Amino acid sequence: MMLGNMTFTQTILHELLRQHNMTKNEFIERFGLPPLVYVPELSPGAKTVTLVFYVIIFLAALLGNTLVVVVVWKNKVMRTTMNIFICSLAASDLLITIVCIPVTLMQNMLQNWIMGDFMCKLVPFIQTIAVASSILTLTGIAIERYYAIIHPLKVKYLLSKTRAGIILALVWVVSVGVATPMLFVHKAEEIHDFLYEQRFVTCQEKWWGQTQQTSYTIFNLVVLFIIPLLTMTSLYIRIAHRLWVQQPVGVTGNFAHGNSVRRKRQAVKMLVVVVLLFAVCWLPYHTVTVMNELTGLRLEEKSAKLLIAIVQLIAFSNSFNNPVVYAILNENFKKNFMTMLRCRVNRVSPQQVTPNTLQTPLEQSTRSCRLPAGAPNQQI
């Protein structure tokens, strides 16, 4: 705290109390001094709304993305190159769901950081990995679709399952590399308000200099958001031109060809929706982060806390969007999701087995839970 051109320290406080012959409380009341440390806190109403939405997002994202991984893992027919990429997306969303959402919720509920220095470093590290791997995986999917539709003769060589695995390994290595600075610039710090005798523990992001912090933020925005989105936009425009303009359904009279084009169109629609949702959900977060770095939010601290909580909530909501999109726009995923859910809910109990039943409850349950294979030509 500054008094004129003088920094207000504990030593100066004791000297002022001695000179004025006052207690600390009398001194505070006499001069109307505010706390030296102010940690903004959400209002009770905002906390309640935040809690409800975070719980909904957590449960929906955990269930949906787990179903995606299990469906692809258990069904050989579903293990296509693109579905391998989709599993990578689900893994990114599960990281955010399991690590980032609970800790961020706790941070919004409490004034003090109670998770220690390790979690203070881990959470932003994991969040950066997940966001970077998501956008790079989406770009990989767009490239895979581009070659599958525009250059179908090259796709089997250029993007086999093995090569897809190598590409995804590189995606995750790059994402870890991009996120590594988070381990060094975040730390849990105790702040002592010696005037009001309060102690707060906060998780702070402290760089070596403002230039490094701004450069890192701009790098993430441009290289890991704007450029990938522009790349995907260009690729999907070319794909759309090929499928909707150069290959109109019904012109050739070939029924099989028409069905193939329709399936490709449906897959492209689904992927474009996934990309749009990612962009819409993460754009507010990137915008607020860059504004804060370049100009400052210029808001009262409580309002800034609320704004950051809102954009975090919107960003995390993307974690459950993708499984919903797959269930609505892809028939294979929809059938497999329903089978998995029925498997959990409708298991046959011993009381349901009649004397005429030839199968044991276990056999009936196993048969009822078997995932539908789906025809190969229905894959996305």
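Just so it is clear, glycine is given a Cβ too, placed from its N, Cα and C backbone atoms.
For 1-51 (among others), the entry in Swiss-Prot reads topological domain 'Extracellular'.
Annotation comment: Swiss-Prot describes Asn5 (among others) as N-linked glycosylation site.
A coil conformation is recorded for Asn21 (N-linked glycosylation site) in the three-state DSSP classification, outside any helix or strand. The local packing around Asn21 (N-linked glycosylation site), expressed as other Cβ atoms within 10 Å of its Cβ over all shown chains, amounts to 7. The feature N-linked glycosylation site is assigned by Swiss-Prot to Asn21 (among others), with sequence analysis given as support.
Within the chain, the transmembrane segment (52-72) has long-range Cβ neighbours (under 8 A, six or more residues past its boundaries) at 78-79, 83-84, 86-87, 90-91, 93-94, 96-98, 101-102, 104-105, 313, 316-317, 319-320, 322-324, 326-327, 333, 336-337, 340-341, 371. Summarising the annotation, Swiss-Prot assigns transmembrane segment to 52-72 (among others).
According to Swiss-Prot, the feature topological domain 'Cytoplasmic' maps to 73-83 (among others), an assignment based on a curator's inference.
Nonlocal intrachain contacts for the transmembrane segment (84-104), taken as residues 6+ away from its ends with a CB within less than 8 angstroms of a stretch CB, comprise 54, 57-58, 61-62, 65-66, 68-69, 72-73, 115, 119, 122-123, 126-127, 129-131, 133-134, 137-138, 140-141, 144, 161, 164-165, 168, 171-172, 274, 312, 316, 318-320, 322-323, 326. Summarising the annotation, Swiss-Prot assigns transmembrane segment to 84-104 (among others).
Feature annotation from Swiss-Prot assigns topological domain 'Extracellular' to 105-122 (among others). Residue counts for the topological domain 'Extracellular' (105-122) by DSSP state, with H, G and I taken as helix and E and B as strand, are 12 helix, 0 strand, 6 coil.
The feature disulfide bond is assigned by Swiss-Prot to Cys120-Cys203.
The feature transmembrane segment is assigned by Swiss-Prot to 123-143 (among others), with sequence analysis given as support.
The topological domain 'Cytoplasmic' annotation in Swiss-Prot covers 144-164 (among others).
Taken from Swiss-Prot, the feature transmembrane segment covers 165-185 (among others). Away from its own ends, the transmembrane segment (165-185) comes close to residues 84-85, 88, 121, 124-126, 128-130, 132-133, 136-137, 140, 159, 205-207, 213, 216, 220, 224 of its chain (Cβ-Cβ under 8 Å, at least six residues beyond either end).
Remark: secondary structure over the topological domain 'Extracellular' (186-216) totals 7 helix, 16 strand, 8 coil, with classes taken from DSSP. Residues or ranges marked as topological domain 'Extracellular' by Swiss-Prot: 186-216 (among others).
Feature annotation from Swiss-Prot assigns transmembrane segment to 217-237 (among others); the stated evidence is sequence analysis.
Feature annotation from Swiss-Prot assigns topological domain 'Cytoplasmic' to 238-269 (among others).
The transmembrane segment annotation in Swiss-Prot covers 270-290 (among others). The list of residues near the transmembrane segment (270-290) in space but at least 6 beyond its ends in sequence, with Cβ under 8 angstroms from a Cβ of it, reads 89, 131, 134-135, 138, 141-142, 145, 217-218, 220-221, 225, 229, 232, 236, 297, 307-308, 310-312, 314-315, 317-318, 321-322, 325-326, 329-330, 380.
The feature topological domain 'Extracellular' is assigned by Swiss-Prot to 291-305 (among others).
Spacing of Asn21 (N-linked glycosylation site) relative to Cys203 (disulfide bond) is 38 Å (Cα to Cα, whole number). Within the same chain, residues at least 6 positions away in sequence whose Cβ sits under 8 Å from that of Cys203 (disulfide bond) are Gln107, Trp113, Met115, Cys120, Val123, His186, Lys187, Ala188, Glu189. Of all the Cβ atoms in the protein chains shown, 23 others lie within 10 Å of the Cβ of Cys120 (disulfide bond). Each residue in the topological domain 'Cytoplasmic' (73-83) gets a DSSP state, and the totals come to 8 helix, 0 strand, 3 coil.
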